[in-house]
Each structure stands twice: as C-alpha cells, then as structure tokens.
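Colleague: Input: one structure, supplied below.
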Amino acid sequence: METVRKGFITSDLVKSSLIGALKKFNPVTMIKNPVMFVVEIGFIFVLLLSFFPNLLGGGEGEHAQLYNAIVAIILFVTILFANFAESIAEGRGKAQVQTLKNTKTDTQARVLLADGTEVMKQAHELKKGDIVLVQAGEVIPNDGEVIEGIATVDESAITGESAPVVKERSGDFSSVTGGTTVTSDWLMIEITSLPGESFLDKMIALIEGASRKKTPNEIALNTLLVSLTIIFLLVVVTLYPMTTYLNVHISIATLIALTVCLIPTTIGGLLSAIGIAGMDRVTQFNVIAMSGRAVEACGDVDTLILDKTGTITYGNRMATEFLPVKGVDHQTLMQAAWLSSLTDDTPEGKSILSLACDLGVNTKDEQQLIQYSEHIPFTAQTRMSGLNLQDGTIIRKGAYDTIKQDSLAAGQQIPTNLEQLVHQVSAVGGTPLVVSMNHVILGVIHLKDVVKSGLKERFEQLRAMGIKTIMCTGDNPLTAAAIAKESGVDSFIAESKPEDKIKVIKDEQALGKVVAMTGDGTNDAPALAQANVGLAMNSGTNAAKEAANMVDLDSNPTKIIEVVEIGKQLLMTRGALTTFSIANDVAKYFAIIPAMLMVAVPEMNALNIMQLHSPTSAIISALIFNAVIIPMLIPIAIKGVKYKPMSATKLLQKNLFVYGLGGILAPFIGIKVIDLLAGPLLTMLGL
Amino acid sequence: MWQIAIVCIIYLPLVILTGHYLFRVTMHKKTWLDPFMDKVDHVIYKVCGIKQVDMTGKQYVLSLIISNAFMVFIGYILLRIQSFLLLNPNDIENMEASLSFNTIISFMTNTNLQHYSGESGLSYLSQMLVIIFMMFTSAATGYAACMAFCRRLVAKSDTLGNFFVDFVRVITRVLMPISIVVAIILVSQGAPQTFSANQTVQTIEGKMQDIALGPVASLESIKHVGTNGGGFNGANSTTPFENPTVISNIVEMLSMMLLPGACVVAFSLMVAYRKKKTIFGKQGLTIFAAMGMLFLIGLVTVYIAERAGNPLISDLGITQELGSMEGKEMRFGVAQSALFTTVTTAFTTGSVNNMHDTLTPIGGMVPMFNMMLNVVFGGKGVGLMNMMMYVLLTIFIACLMIGRTPQFLGKKIEEKEMKLIALCILIHPAIILLFSALAVATTSGVAGITNPGAHGLSQVLYEFASASANNGSGFEGLADNSTFWNVTTGLAMFFGRYLTIILQLAIASLLAKKMWHSDSVGTLKTDTSMFTFLLVAIVLMIGALTFLPALALGPITEHLQIHS
C-alpha cells in the first residue's frame, strides 16, 4: 500500500501536470469538454466584469468589482483543477511511454534478399514480407514470425519480465516483437507488420492517448452531462427575466456562480481523467487493450471461457503419489518409478523425479545409471517408456492397458488390486501410469492436473458477480468433471476441439451473454475474434494477437478475471462520481437560492438551513466547495472506486449509500465549514 | 381523510382489472367485446381502407402525425364557421383565429386548455364534432403511441402494430364502452344530456339566471376517461351540472385515474408475458409504486396546506376551521378538493372541481409541480412514456454504479438513445421556462397577468406547465384569451406533445432493433423496491433542481410572505 501511495503522485508529475493544465485553457481544447467550456465562458465574463463592473448595465453596488474578482478567481481555479486532473492521468501514462520509446530507437536490420545476399537497411524501411537475420545481441527490428533458427529473446522492454524466452520456428512460440533483443544464437524472421504499425507503435499510441477515442459509454454519459448543463443554463437564463419582473436584482456574477454550481462540473472535470486512468490501470497490469470499448465490454462479461491447460491448471500433469500394488512396498515402487523416468524429458517424467526426490528416493549413482543404461523412449508402437539397466533389469512405465499386455505376454500375474488402484486414480480425474520391473507390475503413479491455487475462491467471486465460467479441455469427460469440481468452474466441455470453442461462444451469445475468452494458438484466433472480449497471450501467435482485442504481455491467462474487474471499476467510477456530482446540487441550492433572494425577500432566510454567514459568503462558499471537490476526488478518479465482487443489488445499495447519500450530505458539511472560514474574511473585505 | 382513502382503495382492484383488459386489447387477445366489436372494426377498416399490416416505428409515427394533422385541419375550419352550421340554438359566433388555433391544438394534443367558455364560445355541434370527437381521438392517439412504445421495448423487431388498427381498437374497445358506463352514472347523478337551448329561469331571490344546458354528461365522461379535462362550461367540474354530487365527483376522479394506471399494468404484463402468470408483474409494480409515491407526497402536501388555511384570511377574523375554503365548493370540502386537484394534475386531465388560483401557495405549488414533472401517472399512455424516460435515465446511472454498461429489458442504452432521452427530458422544462421568461419579459405577456408579485409569476408558470404537460387545467385568473397567450400556449402544447412522442417512439424503435442480452445476478434488477426508491429520487432531483429557482420565486416566496 505504501509503495502505491508513493508512486501515485510525484512532485515532477505535479509540476508537469500544472503546466499541462494551463495549456488546456485554450478554448479550442476546452470545447471538447462542454461542461468545463461553459465554466470558462463564465470565467471570461466575470473577469471582464471585475475590470469593468458597469459593462452590462452596471448598478452592481460599490463592492461589485472585488466580488466579481473573487468569483473570477474561484472559477479559474475550478477549471485549473479539472485540467489538472486530466493532465495527471495523462502524465502517469507518459512515463511508461518513455521507456517504450527508448527501445524504439531506429535499428539496423540485416535483410536477406532472394538471391541470398545481405543488405543493411534501417528498421523503418522494412516492408511486410522482408526476411531479416538477427543475431545474438541485436534488436529485432519489427514484428515478425520466426522462419528459421532457435534463440532466446529478452522481451523485458515490453513485458517487464526479465527471464528470456525461447523463440523457434512454428508452434506457439514463433512470433517476435519489434524492440526486443535476441540474447543467444540467431533467428531468421519474416517481417509481418508495416513500419509504424508494429505492436510497439500501437502500444505507444494507445498509452500516449494519441489514439484515445472516447468510448461509447463515455460519449453517452457526456451526452447526459451536456444536457444537464443545458437544462441548468436554461434555468439560470430564464431566472433573470423572472427576477427582473419581480424587481429582484441579481448580479451577473451571482447568476454565473449559480450556473457553475449547478452544472455537473465535478464529473465533467473528472470524466476524461477517469477514462484515461482506467485504460492506464489495464496497461499497468501489463495488458494492452486495443480499444477502450474492449475495457468497457469487460464490465459486462457474463461468461468466461477458460482453457483448462495453463489457465485453470498449471499446464502439465504432475505426479502426486505412488500407489504400490499389494505385496510391493512403497520404496520399491518409488525407486522403480524414479529409474523409469531418469532419461524421460517430458514434464510428467520430470515431475515423477522431483516427487520421488522429495519423498527420499535413493539417488546415488544417478549419473552412472544414466550413462550406462539403455534409454527406451516412448513410441507410438510400444506406448511405454523406461530403461534397460546395465544388469539387464527392464523398467517400464506406461498406460494401464499397455503394461498389462506386456506383463501378461511375459507370463506374469496381474496383481489383484491393480485395477482398483487404476480406477481410484481415474475417478478423481488423474491419469494412472503403471510401473513394472522385469514385467512384474509394481504399482501406479498418480499423475494429476494441479489446479492453480486460489482459483476456487476466484470462481466463487465470479459467481457472486453473476459471471459463469466454462472450462474447455481435450480431456475425457471423467477427468474434466473431476478438474471442474476441484477448481469450481460452473460447467465444462470435455474432449473439445478448437472449433468447439467458437460453437460455445456462439451458443452463449445467442442466449444474450457477453463472452470473454483467452487464447494463444493460431487455431484460437477465430474464437478470439468471435468473443466479445478476447485476451490473447503475448507468447501466442500473431494471428491470435490480431484477432483479440487485448493482449496480455505476461501471458498469464488467469488475468482475464482481473481485467473484468478493472472494466467494472471503470464504469463504476463514472457512475459513482456522476451520482455524487448531481447529489451535490441539493446543498448548493440550499446555499445559493436563499442567498440570492434574501435581499429582496427577507423571509427567504427560513430556507437558509445551513445558517450561512451572509448571502455573499453563501455563494462564495458554495463556489469554493464546487472547486475544491475536484482535486479531492482526483485519487478516486485515477485509482477507481473500490470494488469487491458481490451481487448487483448489493453493489448498488453500497454505492448509492456512499456516493448518493454521501453526495447529498458532504456539501452541506463542506459548505458550512468553508463558510465558517470565509465568512469573517469576507466581512473584513467589506462584502 | 376517509374519503381520500376510500377512493384509493376502490382504485387498486379497478386499475388492475382494466390493466388486464388493456393488455388483452393491445396484444390482440380475446376479450368479451370481440364478437360484436370485431364486426364494427371491420366495417371501419373497410370504409377507411385500413390495411392491417405491421408498421415500422417510423411509419407508425408518420401515420400518427398525418392523421392528427388532418383532424386539426377539419376541426379548425369547423370552429371558424360554426355560426353557419347546425345545432346552434344559442346563436354562438364564429371563433376568432388565434383562439381557434389555440383551441384546436389544445384538444388535439389532449391538453384541453380552454381560453374560451364553452357555454358562450361553442355551438352544440362544435362541442360534439370538435370537442368530444377530439377527446376520443386525442386520447386514442396517446394510447396508440404508448402501445407502440411498450411493444417495442419488449419486442425483438421494429416492425409491429398498425397505428390505425390500434387507434380504432382503443376507441371501440376501451374509450367507448367505459365512457358510456360513466355517462350513464353521471346522468343518474343529475348531469344534463340534451340538445335543448340554455334556459333562463327566475331564482328564488327573484333574479333571472341563465342555465347552461347541452350534451354535458357525454362530454363529461370522455373528458375524464380520456384524461382530457376540457369542461362543457367555463367553470368546469365545479359546476353542479358537470359534477353534481360527491358520487359524481368520485366517479370522475376514478375515471381519470383508471386508464393511465392501467397502462402501467398493461406494460407490466407485456414484460412478464411468456414468463409466468401474474396479477401485476414486478416491473410495472416498481414503476407504479414510484408514481404512487410521488402522487401521495403531493396529495398529502396539498391536503395539509389547504387544511392549515390561509393566515391572511384568519387575520380578517374569518374562521379557517374547515381549512382554506376560498374557491372551493361546499359539497366537496378540503379533502375531496385536495384529492381532485392532485388527481387532475398528476393524471394530466386538467378538469377542476375548485379554483386552483385560490389554493394556498404550497397547495397551488403541488399541482404545478405535478405538471412540471409530468410523470406522476400522467395522461393517456404518454405519462408512462414520460416516466420511462426517467426509468431509462435511472438505469443509465444505476448500471454505471454497478460496473455494467446500461441495459434495460436486455437492450443496451448507448449514445444514440441517451441523446434522445436527454432531449426528451430537456424539452419539457425548456418549454415551460423559456415561454414563462418570455411572458414576463414582454408587455403583451405581462398584460395577461392579473395578480401582482410572486402570485403573478405562479400564474404564468402554471399556465405553461399546464400547456406543455398537455394537462389543460388553468390557474385561471390569467386573462389568457389574447393573441400572445393563445399563440404561445398553442406552441407549448404542440411541442410538448408531438416532439416528445416522436422522440420517445424513436427511442423505442432504436431499442427494438438492438441485440438482446440476458440478465444475471450481475445485471441491474429494475424490478426491486430499491429501484423504485432510486427512480423517485432521480425524478425529484431532476424535477426539483430544474424548477426550484422558479418555484422559489413564485409559490415559495408567496408562502413565506403570507406566513411571516
């Protein structure tokens, strides 16, 4: 928490944001934010009136000039605060852009021509389809696909992950990103993007906000704010002839003050900061959203489609226990299992070794054993693997049926409880591997998909939020059901092929659901495109990244859950501050209306329920409150309102209480406090 | 107080029954009138050449506007030449141009703002062919628009329903039968229904008095059933011939409350359609409850204000034991008057059984505020549509607060819809405030104001609120038969009616064409008591915030002044 706070606003950021805020006073920029534009026009009017108090008819009283000047200053500060909020939000993104830009310094690329010759070119001159050779220590000039070679690549510039990744031809690790560095060996790369359109360029543009388009919901909310502004402008404009008819004199500055207090300046001033900061939160999370629309859509997700492998489980099955058959002791089985996997490079094999080591297997002579034994790899014909030791001992492991056949063929008895053990493992979704020594079956290794820790609670939260989870897996239904039960997903699709995902998505969409999914392979691309929210892994293929509307730079599929929360948080922040802003008006009315009319209708004091010091003090206090509430809410706008997963009804109740009721009460207190301070001061000034 | 309670208790079962009936008529389900009315309808369809094909939203609105324009044209001519036509036993003159303009807009828009007195300004033929005719057709237009609107909210396509068919069915199956029943009850209570001329009689004081007669009962029934409000006589339902007894008073109130409430029930049943059988439906119940809450707040305020009496009159030594009786009929008293006042402005009928101008300032502010909100049940279907704008707005804000993009009945509310909703909500205050400002800023406007100071401003605000809300009740006291007032209120009624309906149907069309999204635990529940509460809060917030400054200058100032 402490580090977050430190990182939130630095003095450098404040300085640059203040300058940015002043620049934004330019009416051409300002008009993009109609609510604040109205304030600016008001400010210009009052400013003129504080120099030329008789500009609009005059008769404004002896202290008009001072009063006008005070109002003008407060209006100026109001606009400054609003601009400042936007600048701060932008500034926080800029730091990130700078590091990215540094990696984008133009690099030399070694282009291989069709005739085999090499030509050096600037990275920005590269065309789609060019073949380049990149060697250890060199920077990859642009996005592309590996067509030859295998090398490690340092992608920390983009992902922040310092461990280099292996890139090789074909498969899911073939795509490389411009700006990353080859750290060993060499790669031959076919360039797949045009200069200036690489992933890095897009990222910079997105974060910089250059390509920031207002999202659909932001536009809709802005429409609402503009119409509220128009209504209140109408209220004030028509108030003038009505008061004139009743011979009540109200100064122009007061009318402008009333307008500014009533129009939704709080949310109007913070709206774009909320949007920028929302996108920024996604980016800080190392996810690149291709559009704000995608982030908003996240808030609406009803169904999450998750791959089992890599998302729900750790990807590889791991050995979790050794189950000896009757008459064999645990140690013997473990030793045999260990031996069977000594030269097995598969993740399963490795997990058997590590489990055996953990359980205290005898590992002496390991090197010797490896050197002098005959390694029997797994083949489609034999369907088992193992070792033939120097002394002629034959160790095998494999599927139940295969080992059973082998054992029977050698004339051995099948242990009576073997089948029961195998079933015991399958029943809980595990994969049984049977181990034999010299064709005598010793026992079973339980291979298990290990569910990532904490997921069960996560899925429970999602359920509370009304989000359904569907697990897709190629496993058989029994295994799938067991994993589903263990991880707590709502439903699963077993034996699914990549095409099935599209079908599931379409079916869910036909039911009116908004669907999110993660994927990395090329065959995931159509499904990623079909889903409302598609999160591609950065380690995945370019096709997948193109089809998705978000890319996770850390390639952690579980992140989609957090992204959904960020989307919700973005919308909630807008809603909460809008409610707060509108609710504020009640107190401001109670401050200003009696103050405005009290001179002509002394009975109006009955409505001065805050017992404010004087009419002038009431108006100034309301106006000051209106200004200072903006910077006070900047932290909420930028960090987003707190979000805990819960049902919609509860969430609404909570937010209504905090921002609705709070929005009504806070200004009563705020204005009263400001009045207590400002009232005597204004009296001293003779107002 | 018990009189108020009784009306409310009778109202509830009545409104639910009528709602079910309205639902069946709207959805073309079997009703008991079908065997007879189907034949009548077919004759009408044949004579008028109505093809019963489904229309798109655009075609629907266009048909509505064109048919209304045609009726306005015919009606205007009739008013201008009424002295040459039949059924004019009292020799009424032709109506003046600006007054005819105002009157015809007034009745076509279901407003029934009357800048004339019926007994001296209209022939019996005009009363029937223009006034009563339009009372039916304008009410039917409103209901037809509401049907089209509600259907589109629950439908998955924009092509459904035919304006002319809806229009005819509402008249033959809803307005006609109910009006006939109500008219007969009113006749039984003593309301006249005759073509004979006004009679001059000698009163017991020995003076001569003109007794205005005519086909009063038939007008009186549709006036309330269709939430029209235009009286046969200038003094409207205060006169014993329009509203003879307490029973007729209750019948009149119930008949104006009946259909606007039933519309909400019908909409609710449409939402619940195909889900399960229900008496009311939760979605409508939340909206009905919100309207009911606003209604009760208003009613209690008027009652308390009138009950408390007027301190200026007490100071004169006149007892205020019965409450403030100035401008009220003895046979109704404060309770029935307060109820009638609230009902007629909440349900935007506009008939009056007491002089609203003489209500206490706060008592007079409530009817004004009801019309400014224009969503407390409201009139003939359009009230529901107006409330739906606030429902959509509330959903927009509430959905954001739970982190979802706004969605109602499975349809997303996006930029385009929001623009139209905002415009819809904007039109009404814009009309009231701009015209009021214009009136107090021009000499021809000020000329009509008959009271000095705050009360004068109240008169102006009331008049335009009444016009824009298509209510039609007058604060009276305003000398409003002048070119300025005829034209400005005419325009206010016109824009308040048609701009709103066009925009509302456009919103419904947009929503109808949208992709449908399902509901889950994560989506906003729009049928809970919390939503009702939030809806009321938003209505009050927007309404109060918009009109508070004007109200502070008018009734609130007046109230504070007479109580100081």
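Note that Cβ sites are derived from N, Cα and C of the backbone, with glycine treated the same way.
Pulled the feature table from TrEMBL, pasting it below:
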- A:Asp307: active site, 4-aspartylphosphate intermediate (ACT_SITE)
- A:Asp520, A:Asp524: Mg(2+) binding site (BINDING)
- A:105-208: domain 'P-type ATPase A' (DOMAIN)
- A:33-52: transmembrane segment (TRANSMEM)
- A:64-85: transmembrane segment (TRANSMEM)
- A:219-242: transmembrane segment (TRANSMEM)
- A:248-271: transmembrane segment (TRANSMEM)
- A:589-610: transmembrane segment (TRANSMEM)
- A:616-636: transmembrane segment (TRANSMEM)
- A:656-678: transmembrane segment (TRANSMEM)
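So where do these features actually land, and what's packed around them?
Modeller: Other C-beta atoms found within 10 angstroms of the C-beta of A:Asp307 (active site, 4-aspartylphosphate intermediate) number 22, with every protein chain shown included.
The Cβ of A:Asp524 (Mg(2+) binding site) lies under 8 Å from the Cβ of A:Pro498, A:Lys501, A:Met517, A:Ala536, A:Gly540, A:Ala544, A:Ala547, each of these being in the same chain and 6 or more residues away along the sequence. In the three-state DSSP classification, A:Asp524 (Mg(2+) binding site) falls within a helix.
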Colleague: Quickly jot the same-chain residues contacting the transmembrane segment (A:248-271) by Cβ under 8 Å, restricted to those at least six beyond its ends, or write none.
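Modeller: 33-36, 38-39, 42, 45-46, 49, 56, 59-61, 64, 67-68, 71, 75, 78, 81-82, 85, 218, 221-222, 225, 228-229, 232-233, 235-236, 239-240, 574, 577-578, 580-582, 584-585, 588-589, 592, 596-597, 599-601, 619-620, 622-623, 626, 629-630, 633-634, 637.
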Colleague: Could you tally the C-beta atoms, other than its own, that fall within 10 angstroms of the C-beta of A:Asp520 (Mg(2+) binding site)?
Modeller: 26
Colleague: Can you work out which residues elsewhere in the same chain, 6+ from the ends of the transmembrane segment (A:33-52), have a Cβ less than 8 Å from its Cβ atoms?
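Modeller: Same-chain residues near the transmembrane segment (A:33-52) but 6 or more away: 25, 27, 60, 64-66, 68-69, 71-72, 75-76, 78-79, 82-83, 222, 225-226, 229, 233, 252-253, 256, 259-260, 263-265, 268-269, 271-272.
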Colleague: Please list, for the domain 'P-type ATPase A' (A:105-208), how many residues fall into helix, strand and coil according to DSSP.
Modeller: 20 helix, 40 strand, 44 coil
Colleague: Can you tell me the CA-to-CA distance separating A:Asp520 (Mg(2+) binding site) and A:Asp307 (active site, 4-aspartylphosphate intermediate), as a whole number of Å?
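Modeller: Distance between the two Cα atoms comes out at 10 Å.
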Colleague: Return the stretch with the most CB pairs under 8 A relative to the transmembrane segment (A:656-678), choosing among A:64-85, A:219-242, A:616-636.
Modeller: A:616-636
Colleague: Average the per-residue pLDDT over the domain 'P-type ATPase A' (A:105-208) and send me the rounded value.
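Modeller: Its mean pLDDT is 78.
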Colleague: Using a Cβ cut-off of under 8 Å, list the residues of the same chain at least 6 residues beyond the transmembrane segment (A:219-242) that approach it.
Modeller: 34-35, 38, 250, 255, 258-259, 262-264, 267-268, 271, 574, 578, 582
